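Over in TrEMBL, the protein carries these features:
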type	residues	note
DOMAIN	C:7-220	domain 'Cytochrome b/b6 N-terminal region profile'
TRANSMEM	C:37-63	transmembrane segment
TRANSMEM	C:83-109	transmembrane segment
BINDING	C:His91, C:His192	heme b b562 binding site
BINDING	C:His105, C:His207	heme b b566 binding site
TRANSMEM	C:121-142	transmembrane segment
TRANSMEM	C:148-167	transmembrane segment
TRANSMEM	C:188-210	transmembrane segment
DOMAIN	C:234-425	domain 'Cytochrome b/b6 C-terminal region profile'
TRANSMEM	C:253-278	transmembrane segment
TRANSMEM	C:314-335	transmembrane segment
TRANSMEM	C:356-381	transmembrane segment
TRANSMEM	C:393-413	transmembrane segment
Amino acid sequence: MSGDVDGGRRRFLAVSTVSVGGAGLAAAAVPFAESMQPSARARSLAAPVQVDLAGIAQEQMVTYAWRGQPVFVVHRSARQLALLQKHDDRLLDPDSKVDQQPAWARNPHRSQRPAWLVLVGLCTHLGCVPDYVGSLGREPFDPDWPGGFFCPCHKSRYDLAGRVYSGVPAPRNLLVPPYRFLDDGRLEIGIGPDVPADAQG
Amino acid sequence: MMARGWRRGWLFLGLVCSALASVQAADRASLQRGERMFMADCAACHSLKYLRYSRLQQDLDLSPEEVRRDLQRFGAKAEGPVISPMTPRIAGYAFGKLPPDLSLETAVRGPGWVRRYLGGFYLDPSAPQGWNNAVLQNAAMPDPFWRLQGIRANDGHGRPGGLLVPGQVAPRAFAGQLDDLVAFLSYAATPDVIQRRVLGPWVLAFLALFTALAWALKRVVWKDVKGSRGAT
Amino acid sequence: MSGPDRQPSWLESRLPSLGQAWRKHVSEYYAPRNFNIWYYFGSLALLALVNQLVTGLFLAMNYQPSAQGAFDSVQYIMRDVPWGWLIRYMHAVGASLLFVVIFLHMFRGLMYGSYQRPRELVWLLGMLLFAALMAEAFMGYVLPWGNMSFWGAKVIISLFGTVPVVGDRLVQWIMGDFLPADATLNRFFALHVIGLPLAILVLVGLHVLALHDVGSNNPDGIEIKDGPRGHSMDPARPADGIPFHPYYTSKDLVGAGVFLWIGAWIVFFAPTMGGWFLEPDNFLPANPMLTPEHIAPVWYFTPFYAILRMIPSLFGSALWGTLVMAASILLLFALPWIDAGTIRSIRYRGRGFRWALALFVLAFLGLGLVGAGLVAKWLAVLAPAVDAGFWELLLGRVLTLMYFGYFLFLGLYTRLGWERPCKPLPERVR
């Protein structure tokens, strides 16, 4: 009936047709899968938030909404910064070994510039929003409080770099989100410093 | 039968090539000019609520400075829609109704209608706005282009007549500007046109390849059907 | 490779039905060897249906079925959802292409007598599918909640109001409100996404099973089972049959390629098809206060809509138009019994049949032009002096008579001995 030549040709054509068709089907599946990614509207609602730093006094904290989360921006004073390294023995992860911050925040003040602290304001225990307690000295929960955050839900405590104390329910330091300085007076939460300030996100 | 098969193959390929050749790439420069004109002359009153600035910049390859200036001017965010600052209250005083959103205007009316409308303004002291339009009589819209096009009189039959005050732009150049603006509005109605024109030829080429392979396979498979017309 | 000593696979020993179904319906289903171009449209209809189901599923992920959110959600899909525009166009263009395929598929049946004994049930199931498809398409068109969606819904639903006694209550029941509103949209969504697709899938399954149980017809209209036995691959099978796989699977693959190419051309370069697939008025949100200038249904309904419009109100009721329009579809159901002829295929039937079928097609196409409002438009342009409305009505009524005349003619032609076959039936398929 069909010779060997035809049989070989037939098999080659069958394989190539099925391969090309299969590749086409796989390529056609991509738009459908991609359509399930966050849409432009979702991304716009999750867009970066700009912060005007001039309006934040020293030792003041302001909260911004970003991606449905509270983000703390703290203007740390010199005296607050001075106390930052004095209590490493009371902290669970003083050197920020656990991955709760980008590489550029793995430093003693857990930020790009010492004066400015940017943290996601959600307790790493069960997600409550901690209170900012910037005053130094005696506090009801700590006689020698060097400033930081106190979570009302289960009494977890963090210092002024967002590092968690040992012996509290929370297991990790507060999360540092990506942010960048657009200039000396403005900060943008949501985009990291590796993206230059004049480019769109 | 072989000859017939090959002839059909060439015919098919010819159809493919002519289809691809007849497709023109979207004229990006024209769209950019149209976008500038829209922002300059229309956006103060008309919104494009379904269109985002970030999408606009991406599709039309606009310069970031221009977009930032527009964002500042209109108090908008890059990911937000193009919304005019015209409020219903001010619009009520000025025009009697809110200038409509233009996102889908060319899809509803057709680009030809919109083009004729934009070119149809003339001075008409008897109209509430002092302007009238040949295509839409008693439209509440004043002529946004009178500085460019000049002011034209009513010819008595509801159409633009003689030039009363010359404009800054020569008539043919102005006509080109209106063409650009309408092209931009057509893009705004269906922004997918950009991606479609880029992707389309590739999809067609791939499908042509697949069909050619399938056809060759079919011919080999059908060889043993005796006396078959084997015809596709 | 295969043979009586081969061990059944893990799947085969637990679900032998799969293998049996594959053999019975694909690899050992013997179809006539002389299928021509008219025989592509069944498999293409299946392909188009799969397209509608898949694209429809993904559209439903982002579509909002509320009167408030529907229109905006369609723009959201077109602009903000990654590749949403492609999925939407594939769905809208796919719907129109499905109707093109189905009309050609049905015409094949008319030409080759595929509805005749013993395939009456295949035809009936197919007609039920056609009716389900029309309902599905109508509801789908309402979903974007554009102005044509709203007004089209209002007009078509009001047809049910012509039913005597219960008409008004029936309309209210269908709409769930006093005009097409949120309630209407929501239930159309449920029916369009779940109700009718399930019915359609069941009907497609039955349609194919009914066909396979009696065997396929062919362009010569003679049964291959009546021909000689003894196929080169299987001595028990008809000599003029060939297994569906690999012959018709390979052939249909080419058909699929051409169909997809045409579909892709439309989707990428002309998705609105000049306003025939996506109508301009539907880019305006639904507005109960603003009737579009010309309310016309989507192109695939235009012939039936024309028939509806051609029948005047009589005795104070608009019911007659509805009844005649329904009859135009019901007569198609009855075709296997109207046509009492013994010859199936147009190739061997008398000249009268060919003329009648040609006129039927012309009538159908002409009615489509009337229903779309094109005849009135062209008359107004070509001959402004004449009363376009009068001439359109006259032409439309003549075409309606031609349409119904086909069935009347066929009934008489095959019963009064008028049929004179032009050629003797062949012994074997050509």
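Including glycine, each Cβ sits where the backbone N, Cα and C put it.
Recorded features from TrEMBL, shown on the structure.
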residue  : record                   : Cβ neighbours (10 Å)
C:His91  : heme b b562 binding site : 21
C:His105 : heme b b566 binding site : 21
C:His192 : heme b b562 binding site : 22
C:His207 : heme b b566 binding site : 22
When counting Cβ pairs under 8 Å to the transmembrane segment (C:83-109), the leader among C:121-142, C:148-167, C:356-381: C:121-142
Distance from C:His91 (heme b b562 binding site) back to C:His105 (heme b b566 binding site), taken between C-alpha atoms, in Å: 20
For C:His192 (heme b b562 binding site): DSSP state (helix, strand, coil): helix
In contact by Cβ distance (the transmembrane segment (C:148-167), the transmembrane segment (C:314-335); 3 or more pairs under 8 Å): yes
Cα-Cα distance linking C:His207 (heme b b566 binding site) and C:His192 (heme b b562 binding site), given in Å to the nearest integer: 21
For the domain 'Cytochrome b/b6 N-terminal region profile' (C:7-220), the mean pLDDT of the predicted model: 96
Residue pair C:His91 (heme b b562 binding site), C:His207 (heme b b566 binding site) - Cα distance, angstrom, rounded: 24
